[in-house]
Amino acid sequence: MLTIGTALRPNATRVMLLGSGELGKEVAIECQRLGLEVIAVDRYADAPAMHVAHRSHVINMLDGAALKRLVAQEKPHYIVPEIEAIATDMLVELENMGQKVVPCAQATRLTMNREGIRLLAAETLQLPTSSYRFADTESAFRQAVSEIGYPCIVKPVMSSSGKGQSLIRSEPQLQAAWDYAQQGGRAGSGKVIVEGLVHFDFEITLLTISAVDGIHFCAPIGHRQEDGDYRESWQPQAMSDVAVARAKEIASQVVKALGGYGLFGVELFVCGDEVIFSEVSPRPHDTGMVTLISQNMSEFALHVRAFLGLPIGTIRQYGAAASAVILPELTSHNIAYHGLETALVGDTQIRLFGKPDIAGKRRLGVALAVADDTDTAIEIAKRAASAVVVTGK
């Protein structure tokens, strides 16, 4: 039976977030709802989750020794990674010492780079994926492209939000694609994956929860990507019953193989009744922010329930809903938001993340909407997002 202590008291139940962005902020809020003590960690100060945490720390999370010292200092009951750029070998070591890592250290280690999870899915589980090759030198990269053929996609094995990704259609693009991939990796230059282009009708995120009362699924989430980053997401994504069943089967296999309790964002390509595995994150997914308005429990609430060992019960989906990102482009350490009166009309909500600064394009918030159908919800969310004017000095 779970016992939760009182935050800021000797019997507190402590949760340490490794990564304190907008997703971590919502996880922190859900932890606060249950009286958990929240320690937010990131590589920069004043990150969004730090605004709603009891304490915060700024460290290089790729530094295993620094991470180990902080865990020894704070003694968390749960370590909850929000990002991939973490010293996952240290998480494995800490777990072996009795520390609870969410969902488990193996899941964070395998999914921190595309090689580990692709080998698990394609070779161990024998799931359908795109054709692929790995390369750690420029010559090996060129050979991989020749084997895969054009068009193909190159990605650093360790990157997120589209960083370092390129679509290659012909040989003259190879040098620029290789150079960009080397700049975009989370740990600097290194190995890349070259993937054959998959012809699909649409992409989905299937939020899959592994909990004490079994495997649960949210309704499929559709999304639109631009420059490797999501711009809008919607729920539910219409798809055939056969495709839904296949998607659940694939997601269940992946989640069970990774292990542990928590919510997983399983990314899949859908073409008719055919479903192809793409990627998985062992944590809430950015496209899943639509669940802040579309469900009785958001993906963040589900994640917290699951990793605490609590039953999930019933997930209710309220109908057509959408999210659209607020993505301004400017440079400022003193950001201001205007136009909320125009944005907040009808069935809309706004989330502003509270990021401390911006240099270029940065996702600073999200607009949420519900409507009679997903197309209408998307348009309402996009209008609301565009109504928010961001300025800075």
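Just so it is clear, glycine is given a Cβ too, placed from its N, Cα and C backbone atoms.
Swiss-Prot names GLU22, LEU23, ASP286, LYS355, ARG362, ARG363 for binding N(1)-(5-phospho-beta-D-ribosyl)glycinamide. Of GLU82, GLU84, GLU226, the residue it gives for the same site is GLU82. Here GLU203 (ATP binding site) comes close to GLY222, HIS223, GLN225, GLU267, LEU268, PHE269, VAL270, SER278: these same-chain residues lie at least six apart in sequence, with C-beta atoms under 8 angstroms from its C-beta. Under the three-state DSSP scheme, GLU22 (N(1)-(5-phospho-beta-D-ribosyl)glycinamide binding site) falls in the helix class. Secondary structure from DSSP puts ARG114 (ATP binding site) in a helix. Residue with the densest Cβ environment among the binding-site residues ARG114, LYS355, ARG362, ARG363: ARG114, by other Cβ atoms within 10 Å.
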